[in-house]
Ligand SMILES: Nc1ncnc2c1ncn2[C@@H]1O[C@H](COP(=O)(O)OP(=O)(O)OP(=O)(O)O)[C@@H](O)[C@H]1O
Ligand SMILES: Nc1ncnc2c1ncn2[C@@H]1O[C@H](COP(=O)(O)OP(=O)(O)OP(=O)(O)O)[C@@H](O)[C@H]1O
Ligand SMILES: NC(N)=O
Ligand SMILES: [Mg+2]
Ligand SMILES: [Mg+2]
């Protein structure tokens, strides 16, 4: 079996398994199990089998998988706020990228004097811009724990401040969406500026190693993939716990009738802020894992279109179901990988058509398809109520109220 | 105050930081009055919806509020519950709590519950969850994360379900209820919350006479322990529950008294009841 | 394998498609031609085209795909510096071979990359010399898009100009974001700056999409080439094909190749290109020539090495000469950069350039600029005994500063 | 600036021209016989020169041109103008010079350079262009300016004198003297007066005379005046305190005026940027603002409009001047029809799911972009600016307004007004709003909702297409055109208040003006960032935009 | 005038209306009653075309209309006053009324004066947003709006919900007048017995998606009420 076929069957299996979900609770643990299982198998196949073996999984596939899983985590982060709380964030890429930059700064410092100019203190881009010393905000980033902390703290704090301002002032609906977009757009412009000290357009790249392990070694890549899978599983389980807790139910209530929730005594802005911060943190973790695996972080990650794409993954997968977001991200990105290689001139037609078709034919995304396969009557609409994570069938469209009322 | 002074103030050992002082204060009803509304005025784009309105409601009372469409009844509730800011006047909950200084959530936590004129329930949740979310208790995000229903709470929900006649619909999504069922559910949510003061806007609209009767019984039984303010246009219903009736007209109180007094008030007849009601 | 695989890594969608698609077509044309000549080492060439979609991480991923999945023998690709930077670690890790055909900021030399576009000393410095000596320019506007290529080029130029005695006051530097489209204020500022009674010129490192609105604004505000000439390093025939050039006649560009260069090889190349694209109006440009040279040098090197093995080809490449399209011969130097002639052209009303100046001989591309403090002591030399991309001539060691 | 180069060469030319003939009189003498045909001029010398012109290298050409000017004077203007415009060709075999222009059919039509006599269609291979470069062009311009100073129109004379202000050499002053003696209009005389004052200030040693010279110069906005005063103040040798003070005052006055015009200029830039934002957003204000469709394909509708402009220009190469007039309705139809198709084909199925429209229209936008790449190539398409839209409207030497921006500003306002009237005065406007507020109820009231949806989406898309026509005059017409405006458009609509057209207008202009007033202080990038941050903070204050929808229902 | 045969309706999987038959004569005033959730609103929506019927026939003036869209039914002359009023909240009162004008047979361009005679309040409120009106005012507007299309049949879904007593009377009078003087066919869903008795001339009782009793209003006795309307 070639890698392509392997890939294909891999996804076939995944989709098949998902389609067979019997009950939602089981489904979720099944998802985690598949996720970890597949990752483990792939890792073993990569490390233990010789490259000639038909079952060998190439490092390319490993890194690709790692990237997909990061995207899946990001999609899940968006789904938490969008699907469950009706906060359509068109700027989650910002948190992802900030997390990524945090990790990128650490990796950059790890290069040490192995850069092209051999400067032990300054990253290359600072050398050729004639910077004399490390800016204050780069201090301490050579410590892994500190970088990690910052990579969480900064996006978390940004989400907190932004959320606190916006939710307290009751900015909702499209107004909120466009503001998140403005946020990421402003950050993109700022990071493009070379004066910012983050490498401008070129961003941070040419990483060498992480915690002393060579980033180009297969072992490190596999470890990163496993870490990603593990963290995805972890955040998935945590997120599921959250959305299934009363907090999750309050959040859905807020999505559908925020004033009502307030009159019941819920300080809705508080809920929204915390959920937003949590989601931003998940996005940041995804970003942190993403950077060492793809090897570059640049302001393009802040681009509003990137964030919109994430929303599209979620919508394709099925808004309001956590596994839907994951499946959507995996599917769309896999499609992108295949299409760009198989039909480089026309892949946008294919992808565009996919989006249109999914929207028109699968109102609840792929998750809706899976659910439909699960429930006995096929043409059911709006009565899916078996609890779990299926908050997607909300009759009320949060944005409608804004745009239409 | 300059920054250092502020900092020093914050660091004083003998004080508790203001934001740590529990906000919840028990309502002081030592004068028997639970709601004081004085000189309240609200206007929208120059239109006076409330005009120097005064209203006092005793603790444990069941008060009916009637008045023409557009008289300002709903607006009054909006002000009391913090939804609408008023131009002038004051609204106190008991003697000690200034309602105008609190927001909706705080007011709800103080023990003021409300049923809207147009039934609003959480449509994506089941009837049961709707009630669960309405239960009295901590409404903070952190506690919600770990919250689980106690047996007592379950019982309470079951009882409420029974009262509102939705036992069989407990696992239905609230969005799929009929209009009248939503009305009931919203009343149920109020019951679950056990507020001190209930503001109920048109509870029997869309209910059959029989159901209205049941609602009347329910509200009457609530009074005493709770204070209830009901807005309703169904005179039969009002008659069946009313002790004191306040009539609003053009944003101000037109008349107040027993049902009989009010019913025979010529002004009320003219602007509200009509000749032969 | 029974074919030799040629990877093509140019964006066919997204913001860079506008420039890069042409290069993909150029490579395809070269592959065709080579196959008509019988291929290489008795094997046919097979192009493997992927679309990295102007997405930088995707460039890295696609490189990995080309090298490990498709097992290509060589890659022609990238345009922006950031895409190259993204690809670099992967191509080095997997010991691939890439040809990079676009003018760039220098400050780099990788064993696995051959740079067939211009480095700053093959474009910017000659252009400034021309302005200074022939047009007697005394005041300078350095306008660029805010990214590494313009930043570096402008840094080099500032140092260069100051070394030539230009006062700091007479240099205005301006950066704009990618795709900047509202040039009113900046053009007005340039006009004001130029109104101080000294001959002024604009050195433009404005990138891609921002150029059209920039030139349109220049034309509309009546800044003509005789008043304030603009010399650009990123504007070629292809960019001009998207603008009505009549109001821009006389503005300048510096390249190593213009379509208007009179030579037999060029004539043939242009004909072939028009035939290949089936479009009589299609133009050629400098990065295409760079691709052309790179491809042919690679073919020559493969034949010389008699294998497509990267290490062998890499060594064989050094010193290879191949006729360029402007009538001379390009040579691959030890630092993986080319020696090429430099031309200055004036924009004509038909969207072509008229060559008004050219260097006497070939200019060897510098990997490291002589005008930047961090790199003036560095050289790249991939032949024994140095064999590295950043050899410090002072410290006599590889690895930048040397220890 | 232009003057510098021009005068540099002017000087060069004068050095060669004037000494040859005793200054002044010759110039006007030469003018007289110029009506006679070129061939009658003394000596076949000119024919030789003209023949040399076709063969000369770019360096030699300058010399040939000087000689031609000396011998032919005014008669040479046509030749020079043709050469300057790049229209001068010669016949490969006969060597005959001619002006060649393409007619609408693309044929090259030659005409005699001196008589204008038609020489018929020239085949491409038979003629060759006379080469010209920047240096020659400025040479030609100067020569033309010299001819114009004597014989030109008022405007040409004015331009010629203005050019001389940059280089007040004795020769030039003599030339001015001759011009002045011939009697000139007030404006030209005034400028000559100014030139004299500048010379006076520079050369005289009499304080009073210099003071009155400064008085003349005071308040003038011409750059040379400012430069001279500045130089004077910078010059330490200038020790006359009175002069220094007067010059200082004068300069301050000038700078005060300039500051005012700078302000006006920035205001105009801001309004102009605002009009672009408005145009880009206005269609979205309908499809998104009124209908509630999160229309990610809006940018591509703009793009289609811009491509329509390109196609229209390709279809009517002979009538570029009118192309935009045709392009506006054409773009409306093209984008509008695509909009209707999208609505009927996709959006219709998403009723009640407005969020999903984001996904579908995103897909559509990808498809449209790639479609354009496939059909037109990924390259930018050239769109020509018609003559009436080119150039500047110069209010004074420091403040001018470009015609294209001015027209686009007016156009944006006109489109806005038209749209407002459409929505206010026709039943469509009412029906759209009803449908968007309560579709079922609108149906029950007999409103043909499908029709209304299609028409509205078509209208919004059509307007976007019209915006594309305007934008094609300012920016790239390429596959990425739409992407560059979509973010801004959403920003403007939301800032103004969703569903409020007036908000879009005010929003567009205020964002534009703020941006342009920030830009000089902060640079383009930072200005943009600051505007975005302000926007975010503003929305905290007004969570429903500038003009929120009010009333109970909006809560 | 209107005849419904074997109408079935499902929301997703749950069937709401079961083989429902209903016959409304021209010029009659029929009052449909039933408990909450009996399916009254669903029935009216099917009749109006706002919900697709799963199967069954709907005849209007003898012609089948079950396949026609709601807007077509409005043009045929069915006026609808929905439960909850459904005023266009951001349109002014005037605009709310104007919406229906194109559906009139006579193509009048102005709001008929008659509306303001029936509901004088609306005249004073002409330029206020519909959503700002109080409930009672909105209800009057909703009826007025339905009358603008000059309907042959007027469908009202609980028109008295939340209306002050004197206006309830007034609305009752208006309905009666429209029915008696103008010969308008009226279908009325009503819970309040008093009002139903006063206005309706016939009644239909619904239970669980079926019509379970039909007769003249006078015949509505306590037995029926206890059986079908009591809780
Ligand atoms: N947000 C608002 N904007 C404008 N006017 C408003 C707003 N809210 C209420 N009003 C007006 O204030 C008046 C009082 O309305 P309110 O809803 O309080 O009446 P009500 O007594 O509850 O009537 P009903 O019995 O019909 O419910 C009405 O005329 C209404 O139009
Ligand atoms: N959107 C919906 N989805 C699923 N079920 C629904 C929906 N709307 C109504 N139902 C169900 O249909 C049944 C009939 O509803 P309907 O609104 O027709 O009742 P009704 O007779 O008008 O009651 P009411 O007197 O309360 O207005 C109810 O049991 C309700 O739960
Ligand atoms: N290398 C460049 N032009 O980006
Ligand atoms: Mg009310
Ligand atoms: Mg009903």
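Cβ from N, Cα, C; glycine included.
All TrEMBL annotations are machine predictions without curation.
Under the heading transmembrane segment, TrEMBL lists A:30-49 (among others).
According to TrEMBL, the transmembrane segment annotation covers A:55-74 (among others). Remote same-chain residues near the transmembrane segment (A:55-74) are listed as 1, 3, 6-7, 35, 39, 42-43, 45-46, 49, 92-93, 96, 218, 221-222, 224-225, 228-229, 231-232, 235, 282-283, 285-287, 289-290, 293-294, 310, 313, 325-326, 329-330, 333-334, 337 (criterion: CB distance under 8 Å, separation of at least six residues from the stretch ends).
Residues or ranges marked as transmembrane segment in TrEMBL: A:81-101 (among others).
A Cβ distance under 8 Å defines the sequence-distant neighbours of the transmembrane segment (A:144-167), meaning residues of its chain 6+ beyond its ends; these are 94-95, 98-103, 105-106, 109, 176, 179-180, 183, 211, 268-269, 272-273, 276-277, 279-281, 283-285, 287-288. Feature annotation from TrEMBL assigns transmembrane segment to A:144-167 (among others).
The transmembrane segment annotation in TrEMBL covers A:174-192 (among others).
Here TrEMBL flags A:222-243 (among others) as transmembrane segment.
TrEMBL lists A:273-291 (among others) with the feature transmembrane segment.
What TrEMBL lists as transmembrane segment is A:311-335 (among others).
Look at TrEMBL and you will find A:347-366 (among others) tagged as transmembrane segment.
What TrEMBL lists as region 'Disordered' is A:374-405.
Only pairs six or more apart in sequence are counted, and the transmembrane segment (A:311-335) with the transmembrane segment (A:347-366) gives three or more Cβ pairs under 8 Å, enough to call it a contact. Here the transmembrane segment (A:174-192) sits against the transmembrane segment (A:81-101); at least 3 CB pairs are under 8 Å, leaving out pairs fewer than 6 apart in sequence. In this chain, the transmembrane segment (A:347-366) lies out of contact with the transmembrane segment (A:81-101); the count of Cβ pairs under 8 Å, excluding pairs fewer than 6 apart in sequence, is fewer than 3. Away from its own ends, the transmembrane segment (A:273-291) comes close to residues 66-67, 69-71, 73-74, 76-78, 80-81, 84-85, 87, 89, 92, 95-104, 107, 148, 151-152, 154-156, 158-160, 162-164, 167, 204, 207, 224, 227-228, 231, 235, 239, 242, 251, 297, 301 of its chain (Cβ-Cβ under 8 Å, at least six residues beyond either end). Remote same-chain residues near the transmembrane segment (A:347-366) are listed as 312, 314-319, 321, 324, 327-328, 331-332, 335-336, 339-340, 392-393 (criterion: CB distance under 8 Å, separation of at least six residues from the stretch ends).
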